Every structure is written in C-alpha cells, then in structure tokens.
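Enquirer: Attaching a single structure in structure tokens format; questions to follow.
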Amino acid sequence: MAAARRHKRVAASQPGFLRLKPDLDHSASRIGHKKRVNKNKKKNWNKYSDIQDVEEFLEDVRLQERATGGLLSDKSDDGLFFVDVGEQKVRPDPGAVEKKGKGLKPLRIDLILQPDSQVPPPKELSSNLLIHVCILAYQQPNARKLRLMAQKAEKLAAMGVLPRRERLLQRRRMPGSKKPVANNDPARAFYDLWRPDRPDTADPYYLEQTKRRLVKKGVTSFLTPPTPTPCWQRPEKLNVKPSLLPAVEVAAPGASYNPDFTSHQALLLEAHETEVAKLKAEEKLARQLAVRKEDLATEESVFREQVEGLIEEEEEKLEAEEDDEGTAVGPTAQTEKKTEKQRKREKADRVKELQKKAERKAIDSRQQLFQLRTISAELRRREQQTSVRRTRRKDQQEREKVQPRRLGKLRFQAPDLDVQLSDELSGSLRTLKPEGSILKDRFKSLQKRNLIEPRERAKFKRKFKVKYVEKREFREIQ
C-alpha cells in the first residue's frame, strides 16, 4: 500500500498528471491580512498550516480511483475513449423489461445493487497476495478474557472435564431424572398452601440457577468425574448459628400485667437473687481493695523508717571486721593430684554402676510380663478418664452454645429484669405503665446471641477547652 501511494504522488507530480475536476481558485478566500504565527512551536503546526491543496489532491486521486479504477494518466487512450460507429446491440438481461417504443432496460433495483466504485475489495488486490483484516484485542470488548476462557475450555476438554453447563444438561437428560409436573396437569398432587413443609415443585435446575436452592456438595454422575468444591459455594460454617438462643425470648409468666401470685413471687425471688449477687460482688471488691491491719503503720515502723539510712554504715563496718577475723591467713589450698591407682578404681566403679543399671532395667522388663493385668487395668482406667473428660468437654461446649461469648474487650452485661412490686401491679391494660425499651431489648438480644460484640456509649470528649467571656452588655447591667 505504501508503494502504491508513493507511485500516485510521483505520478501527480509529473507535468502530465490529469485532474478529474478543474482547479478552484482559492485566492479570494485568502485575501486579507495574514496572521503571523510562530511556526517554531509544535502546537501551531496543525492549527495554522494550510493543507487545502493537499486535501484537494488526495480527494481528486480517490475520485479517479472510484470512477475509472485508477489514475487517468496511467490509462491508455482505448480505455478512455471509443469510436461511435452506430447503435450497439445490448445483451438481453433476464431481469430486463421491454417497454413500448423502447429497447431492453434493466430494472431499477438491479441498478441500485450494482457497484458504483471501480476500486477492488481489499482482499482481492492481487492473486498472489491476500490481505487479511485482523481485529486487535482493544477493538473487541473482553477479547483477552474470552480468549483465555476459550483456551481454558480447550485445556479442560483435552483432560476430559466438561463445563458445568454441559454436566447439568447431561444430568437432566439422564433416564433416572424426574421431570417436573406441569401446573395445568389435572393428575398432579394437591398443593396445600399452608402446610409447614412446602415442597419445591419447580425444576431443580431452575431453583439452583435462581439461587432459591443451594447447590449440594458432592453431587456427581457416572458421566462426569468428581470435581472439587467451587470457591463460590456457600461454606457449611455459615449455616451454623452462633447461638442456640431464640431470637425473641418469651418473658416469664410473672411479668404479666395481671399475674398469679406464685408466678409473681418466683419472678421477685429471681430479681432478689440477682441484686444479692451484685451486692456480694461489690463487697468482695471492697474487701480486696481494703487496707489490712497488718499493713498499717505503727510508731515502731515509723521510727525504723526514719533512722533507716543512719545506722546502715556502722552495721556494714562491724560485719566487715567479723569477716576479716574469720578468714584464714596464708596461701590458698590447692587440690591434690590423683594417682594412677585412684583413677583406675574410679573407672571400675563407674563400669560397675552402669552394669547394675542395665541389669536392673532387664529385670524390670521381665517383671512387666507378670504385670499385664495391672497394666491393662491401668489402661482401662485411663480410657475411662479420657471418656469422662470428653463427655465433660462436650457438655461444656453445649452449655457455651447458650451462653454469650466474649467477642471484644467488654463482657456481656445482662439487662435488669422488668419486674413490678406487688403494690405496683395494675389489674387492667389501661392503667399499665410501660417499662423498658424495645430497641434496647433487641440490641441486648443481638449481643447475647453472639451476633455483635458488647459495646458501651462513647464518652464525649471536648477537643478545646471552653472559654467563658463576659460580654459588655452583661457587665453594664451589673
């Protein structure tokens, strides 16, 4: 293509180049004051460069290619002119229509469909060279992603692994699979709208695709190999509730607006025990923080503290003198060197000690053969202790399922019981005084069921110190 353009420019530069359209005089449009622009700057190259003559030349070249199939200067005289010798016979067209007084003329629809350009298509420029139009990656949306997906599908197909869509389709076409019953089938079973366990009458594949039913793990067929669990599948841990407590706990019978005497007294006893436990905890904390009598200062301890640094030097001097008197005067004692006989005797004693230990170990291993009953009894006792500990641990875990866990730095504080005294009870709902808050009750329920961590109200902390200024009007009034 570049060589063809170069050839056209060279041909146009020759003096014999013919234009299909006459030159237009643009001198009128150029009359006037010409703006002086600095051409040294790159931003002014395209903005103030006059390329009108180049555009006209290129347009004329494209027009010649469309009309004649090439440049007029390259055409021969026989290709541009012909000798008119009279009427020429026109080959009849099968779709032509013959009118009265006129010859055969092609249809209008055929004339519209005929090509009006003499430029050959890009793929047929030459019989030896075929130009293939390649679509780049950025010219097609998600081209790279689609290419990677196609490559992965080819790799899995070579390994014998079918896509999930194909596996589900084969599973549905299996002879043992049940087909869903149509809703307009009179032979279908009666559907109870209010039954507790409503069956799914829809297609299982439809329910899985619409996320109304979770995909079961490990469901495979003999047509497809077992595949690992996909990463998008819902984990089993999410199906386990963090607590076994109900979302809404029913209040005790004694909390009614008109309870019976036994239920009300039982609720009062429970509230009393709760308050007593709080008082005992406060008293225990006070006892732990209280100062013991043994730790109180006396006159003797106060005097000893006052003269602590005065008599310390005299005591140290006396102790140093006693140490000097008790020390021996003379050269330091040296260890005596052992003789050869003594070293041999010590070596023989060590060998005898090792032999005694080995014999004792062999005797103990032989004695264990006669202790099989004792060893088996010991093993049974240990297994029993292990089973007891396992049972206790399981019971502890079951108890922890109904107890609030510590999820943050704060512990769960149970709310106070909403209880009314005997003289505060009202016999009707009209005179009943509302107690508690639904919002606080729901918030505490979420904390108790381990859904959120226990929290406390954030303390207000002033960023800047408040400055009090006495205004002039207030000062004048005083």
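Placed from the backbone N, Cα and C atoms, the Cβ positions cover glycine too.
Below are the features I grabbed from TrEMBL:
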type: COMPBIAS; residues: 31-40; note: compositional bias 'Basic residues'
type: COMPBIAS; residues: 315-326; note: compositional bias 'Acidic residues'
type: COMPBIAS; residues: 346-362; note: compositional bias 'Basic and acidic residues'
type: COMPBIAS; residues: 394-403; note: compositional bias 'Basic and acidic residues'
type: REGION; residues: 21-40; note: region 'Disordered'
type: REGION; residues: 315-362; note: region 'Disordered'
type: REGION; residues: 381-407; note: region 'Disordered'
Enquirer: Report, as numbers and ranges, every residue of the chain located at least six residues beyond the region 'Disordered' (381-407) whose Cβ falls under 8 Å of a Cβ in that stretch; write 'none' if there are none.
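Expert: Beyond its ends, the region 'Disordered' (381-407) has Cβ neighbours at 242-245, 447-450, 452-454.
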Enquirer: Sort the residues of the compositional bias 'Basic and acidic residues' (346-362) into helix, strand and coil with DSSP and give the three counts.
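Expert: Reading the DSSP string over the compositional bias 'Basic and acidic residues' (346-362) gives 17 helix, 0 strand, 0 coil.
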Enquirer: What are the helix, strand and coil residue counts for the compositional bias 'Basic and acidic residues' (394-403) according to DSSP?
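Expert: With helix first, then strand, then coil, the compositional bias 'Basic and acidic residues' (394-403) has 8 helix, 0 strand, 2 coil.
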